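See structure below.
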Amino acid sequence: MQNQSFVTEFVLLGLSQNPNVQEIVFVVFLFVYIATVGGNMLIVVTILSSPALLVSPMYFFLGFLSFLDACFSSVITPKMIVDSLYVTKTISFEGCMMQLFAEHFFAGVEVIVLTAMAYDRYVAICKPLHYSSIMNRRLCGILMGVAWTGGLLHSMIQILFTFQLPFCGPNVINHFMCDLYPLLELACTDTHIFGLMVVINSGFICIINFSLLLVSYAVILLSLRTHSSEGRWKALSTCGSHIAVVILFFVPCIFVYTRPPSAFSLDKMAAIFYIILNPLLNPLIYTFRNKEVKQAMRRIWNRLMVVSDEKENIKL
């Protein structure tokens, strides 16, 4: 079936049509975006600058997750911030397809990375004596390759489905971004089958990975019965951060993509949560509960202060 699109651009309704609310949206989400990119890139730089952290699979995955969060947020948030300054918010057909592809690509990669991080914690807690031999560089590289490939396949399937839809008008999207269900409502054809394919593709990757995560942590919790109280506390503290991130990311995704298409006002709020707020919260969750990351950040800060003092002394 050849794409029969006549629409050259879409109009986004955004979060609100009220000018006062749009001003608040601009200020709040500009601050959130700066904090998101700054916080996540700080973790990336910290891990890359700390050899002791970089050789650890857990921190390797954490750095990769932070990079993904910065990219994922940058796909949607900057345009949303700029659009809040305008009464009419438009996006070209090509721009809409690119946004849709990038959103699902980075989300698909992140889903698999979170699953890989759960497996890393499973091996570290349940098979500590074999951790170094199992979680070696080769396996970490394979897991990253699987994540990139899985995200690419997922986004390619979504975009190929969307390109088959004819858009002949209207062109108003009741959202602040291009997403599958709002686009299905605008298609000039019966989208029942396409809606089911969205559920199968997006819902499948969410539910399968979420199930693997649940199994991993169920096994971890069962294995903690044989650990000392100190060992249990350390394991729970390490896993707690990851569990919080998993819940914050997966629950909104499953809510949005595992149901049939319908006009549901809470979709916008769910999208704000997993696209904008979740990448902001991830650095806070991991750094506040992780002594090694905080110590590495202090060392980097101290080195910067030393370099700054040396430059001042040279000027004098």
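Cβ atoms here come from the backbone N, Cα and C positions, even for glycine.
The membrane topology recorded in Swiss-Prot keeps L165 and L266 together on one side. Residues of the topological domain 'Cytoplasmic' (120-138) grouped by DSSP class, helix first, strand second and coil last, total 16 helix, 0 strand, 3 coil.
Neighbour density around each Cβ, counted as other Cβ atoms within 10 Å, peaks among the disulfide-bonded residues C96, C188 at C96.
DSSP assigns C96 (disulfide bond) to a helical segment in the three-state reduction. Same-chain residues lying 6 or more positions outside the topological domain 'Cytoplasmic' (48-56) and placing a CB less than 8 Å from one of its CB atoms are 63, 292-293, 296, 299-300. Within the topological domain 'Extracellular' (158-194), the DSSP-based counts of helix, strand and coil residues read 16 helix, 2 strand, 19 coil. Residues 5, 7-15, 19, 22-23, 25-26, 29-30, 33, 159, 162-163, 167, 176-178, 183, 276 of the same chain sit 6 or more residues outside the topological domain 'Extracellular' (79-99) yet have a Cβ under 8 Å from a Cβ within it. Panel annotation: around the topological domain 'Cytoplasmic' (218-234), residues 121-122, 125-126 of the same chain, lying at least six beyond its termini, place a Cβ under 8 Å from a Cβ of the stretch.
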